[in-house]
Amino acid sequence: MTTTNRIALSSDHAAIALRQAIARHIAAKGWEVVDIGPTTPESTHYPAHGEAAARLVASGDCRLGIILCGTGQGIMMAANKVRGIRCGVCCEPFSARMIRQHNDANMLSLGARVVGEGLALEIVDAFLGAEFEGGRHATRVDMITALES
Ligand code: RB5
């Protein structure tokens, strides 16, 4: 199984429409989207959805993940509790590019009540279009990983 092209998506109830727009956008660009919902608008709990997507990334089933809630903050906090996950909330493309290049982030979190669809898609493109630069940044990412043990 190759995970190179697989990307996990999840959200809580506050971000279903934006998550589905992102799924369509990245699928059209050739990503294999593993969208684990939810699909119905009942109020739900963002930690469970953040964890579920994070486990797909941490296990290697998916290369990257994108998660969303109202602010992007709560679901990011949950995802970052899963060993091996480095997830940042981004509200603009510069940070989304930098968390890949410098922090080797493997998940991006977005706030559906913070950014509109057009900006969100630009943030996603910046995240997916960047690669980790390694070098001195690898030393620092290794220091983050060391905090897990
Ligand atoms: C749900 O109302 C809201 O709290 C959630 O989507 C998120 O913003 C939490 O961080």
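Using N, Cα and C of the backbone, Cβ positions are placed for all residues, glycine too.
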TrEMBL has Asp12, His13, Gly70, Thr71, Gly72, Gln73, Gly74, Arg113, Arg136, Arg140 down as binding D-ribulose 5-phosphate; which of Asn5, Asn103 does it also list for that site?
Asn103
I'd like the Cβ neighbour count for Arg140 (D-ribulose 5-phosphate binding site), meaning other Cβ atoms within 10 Å of its Cβ, all protein chains included.
13
Which residues, sitting 6 or more apart from Asp12 (D-ribulose 5-phosphate binding site) on the same chain, put a CB under 8 Å from its CB?
Pro38, Thr44, His45, Tyr46, His49, Leu68, Cys69, Gly70, Gly74, Ile75
May I ask which of the recorded positions Asp12, Gly72, Gly74, His102, Arg140 have a CB within less than 6 Å of any atom of ligand 1, listed in sequence order?
Asp12, Gly74
Comparing the Cα of His102 (active site, proton donor) with the Cα atoms of the binding-site residues Gly72, Arg113, Arg140, the shortest distance belongs to Arg140
Cβ neighbours of Gly70 (D-ribulose 5-phosphate binding site) where a neighbour is any other Cβ within 10 Å:
17
